[in-house]
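Here is the structure we will look at.
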């Protein structure tokens, strides 16, 4: 009998189609049985174990066979060891671990719960109203700023290069802040819990989409309407040798002579000529357009009646050349190389009313505000002073420019808004609120700024530049985005003026040419209404100037 018992045990040991009796359960399977979960085990010999049902664990691999045991897949039939646990409902979405059922398999008889129509669990951006390229750029910049992806090039950037990048970013975003409006949603996004901080810093806007508007579509000719020769035009950055009157007369100073170009019929008349070594330093028309102020290199200021071609008055007092003039009704202000500003009352015999001392070097920019309340002066000492009418103490002193400030211009439709431009060492245009004394905007132009004029029809301004392109640049206010560059001069632009109708800009340059550009064309209907309101012809003195 003993040999029969031995044969039975041997046969039982060699059978591989059933469970092995009296085999100890490993620690991981025993723990899975206690927690009543299925566990996919991997033994120390890197062999694949079977899926445990918690009751009858199987040996996955023989210790020395080196082959995987191919068990029947649970998905191809009903596993007798896998029992459904009563009372448990599977969630809609879950992260499954090892040994759990694959999401692609369906459980018979189990319905997937659906989300109600008005209770969506996510917000989908509206792609038609979202600027995807700008959104991607903002997210990348946000990641780099928060330490996600640092650019090693930023460590070696100079301060000027960093400022240039900031200005470029502002211009490319059409003046919008770089940290606003990335995604656009049709429905309003829910408010976060009190005290909640979103580390992703995702920004979005609710309601109607705010897409940046396109640039101006009006046509701006890139060639001048007319080119005039200006031989012997003095190439001096500090002088003002050009001015356009309200009667459409353009005054031009060529060395020691002054010429009047009639914009109505194109006639040119010589007004005066000085004796060497004197030369013309500045020109300025009175508001009515019938009297021209002329500043001389000898320190004398002359007043001329252009219609009669007659010298009305000579006013002295300056010890150096008169480089700039500006009218305020019957008050004529003159700036000199000595740094002094004289106010002349042209109605009385004792014309010298007051002296303004705020500059230590030559005064090269001088303008009264449209309402006649403030006077702005720029000097070679890199300062800009704001004077109140009747006061001899500056209201504000701006020292942000790093070079001489010749370009000084007031906004025609906002009395307290002033624009200034610096020379070669500065190359910056700055906008000032002269009520508060705050710099509203500064733009690096990368070229010398010699003159600035504003438009009365559009919210734009034009600046004249020297090296390196000798161009005129049209800027959009208040974003200061560049609208267009007007090139053609081969020498630096020295002076800019606006025509009385506000459509043309004239530029005088060191290449001894004067070019007239049509920068601000007005609609024909608006132009007819403006012309009908005028009671005088284009040129009041067209008949009297020969």
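Cβ atoms here come from the backbone N, Cα and C positions, even for glycine.
Automated prediction, rather than curation, is the source of TrEMBL annotations.
What TrEMBL lists as compositional bias 'Polar residues' is 50-65.
For 228-517, the entry in TrEMBL reads domain 'CDC20/Fizzy WD40'.
The annotation region 'Disordered' is assigned in TrEMBL to 50-123.
Cβ atoms under 8 Å from those of the repeat 'WD' (356-397) belong to residues 237-238, 320, 323-329, 333-343, 403-412, 415-416, 418, 420, 422, 426, 432, 434, 437 of the same chain, restricted to positions at least 6 beyond its ends. The repeat 'WD' feature in TrEMBL is assigned to 356-397 (among others).
Summarising model confidence by region, the repeat 'WD' (486-518) averages a pLDDT of 96. The repeat 'WD' annotation in TrEMBL covers 486-518 (among others).
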Legend entry - Surrounding residues of the repeat 'WD' (486-518) on its own chain - C-beta under 8 Å, 6+ positions past either end: 220-233, 235-237, 239-248, 250, 252, 263, 289, 448, 450-457, 462-467, 469-474, 527, 530
